[in-house]
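Student: Pulled these from Swiss-Prot:
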- Glu29, Leu30, Arg31, Arg55, Arg178, Ser199, Gln203: 3-dehydroquinate binding site (BINDING)
- His112: active site, proton donor/acceptor (ACT_SITE)
- Lys139: active site, schiff-base intermediate with substrate (ACT_SITE)
Amino acid sequence: MKNPPVCCVITRLPEAESLKKSEGAAFYELRLDLLGESWREAAAMLDKPFMATCRRSAEGGSFSGSEEERIGLLEKAAAAGAFMLDIEYSTPHLGEVLKRLRTQSKCLVSHHNFADTPSAGDLKTLVKDMLNYPADIYKVITTATSINDNIKLLNLIKEIPDKKIVAFAMGNLGILSRILCPLAGSPFTYASLNDSNQSASGQMTLAQMIEIYRSVNYENHT
């Protein structure tokens with residue numbers, strides 16, 4: 001049965017047995033900031049494409065080096081085979097950074113709000129501002145404080161159909177948007193490899209996500 005593309009997040013060196021259970025993933029995300037020096041070893045274990053992400057502490061990650069070091073690490077990941085690089089919208093000199101990195105890999109520009117979910121109008125304005133920076137995919141992640149926040153993010157995807165936008169909310173109240181965003185038009189959604197690889201609040205495991213899609217017969221709704 002066809003499932004929506006799911007990006008499987010890896011935050012620590014995986015066990016071979018865990019990877020065997022991840023056949024439902026479309027590709028992986030390697031969190032370079034959390035994997036540390038073991039990211040190369042993790043990349044060598046993968047049998048599917050991977051995206052590379054290196055989050056600063058201000059963006060919910062653990063990288064504490066300079067911006068040049070961080071961008072350099074992403075370049076190393078691209079050289080090691082990363083097909084896409086996640087670049088935060090808050091990155092200093094974003095235009096120059098994207099121009100530099102897009103010669104080496106596809107790029108995803110991301111924005112994370114760890115406090116709440118802005119109004120629908122503010123979300124649309126945010127995305128329009130992000131679109132000023134050429135990228136392959138745009139990602140807007142907020143924090144749900146109400147079940148209605150899921151609706152805002154799902155509508156955001158549908159309102160800009162000519163661009164590839166991933167949008168959902170973190171937190172237990174945002175789980176619904178994590179599951180449904182592909183139905184609204186997101187190119188993919190995220191899940192953790194297992195419970196020990198969770199990288200954000202409300203993130204489900206790959207096995208849980210796949211089971212839900214199978215239970216609701218996802219293929220017949222696309």
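Cβ coordinates are placed from backbone N, Cα and C, and glycine is handled just like the others.
These figures come from a predicted structure and were not determined experimentally.
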Student: Just to be sure I understand the packing, how many Cβ atoms besides its own are within 10 Å of the Cβ of Glu29 (3-dehydroquinate binding site)?
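Tutor: Result for Glu29 (3-dehydroquinate binding site): 23 neighbouring Cβ atoms inside 10 Å.
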Student: I'm trying to understand the geometry here, so how far is the Cα atom of Arg31 (3-dehydroquinate binding site) from the Cα atom of Lys139 (active site, schiff-base intermediate with substrate), in Å to the nearest whole number?
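Tutor: Cα-Cα, rounded: 16 Å.
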Student: Starting from the Cβ of Leu30 (3-dehydroquinate binding site), draw a 10 Å sphere and report how many other Cβ atoms land inside it.
Tutor: 24
Student: Using a Cβ-Cβ cut-off under 8 angstroms and a sequence gap of six or more, which residues of the chain neighbour Gln203 (3-dehydroquinate binding site)?
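Tutor: Within the chain, Gln203 (3-dehydroquinate binding site) has Cβ neighbours under 8 Å at Val9, Met170, Arg178, Tyr190, Ala191, Ser192.
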Student: Give the helix, strand or coil assignment DSSP yields for Arg178 (3-dehydroquinate binding site).
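Tutor: DSSP assigns Arg178 (3-dehydroquinate binding site) to helix.
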Student: Reported as an integer number of Å, what is the Cα distance between Lys139 (active site, schiff-base intermediate with substrate) and Leu30 (3-dehydroquinate binding site)?
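Tutor: Distance between the two Cα atoms comes out at 16 Å.
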Student: Looking at the binding-site residues Glu29, Leu30, Arg55, whose Cα is closest in space to that of His112 (active site, proton donor/acceptor)?
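Tutor: Its closest listed neighbour, by Cα, is Arg55.
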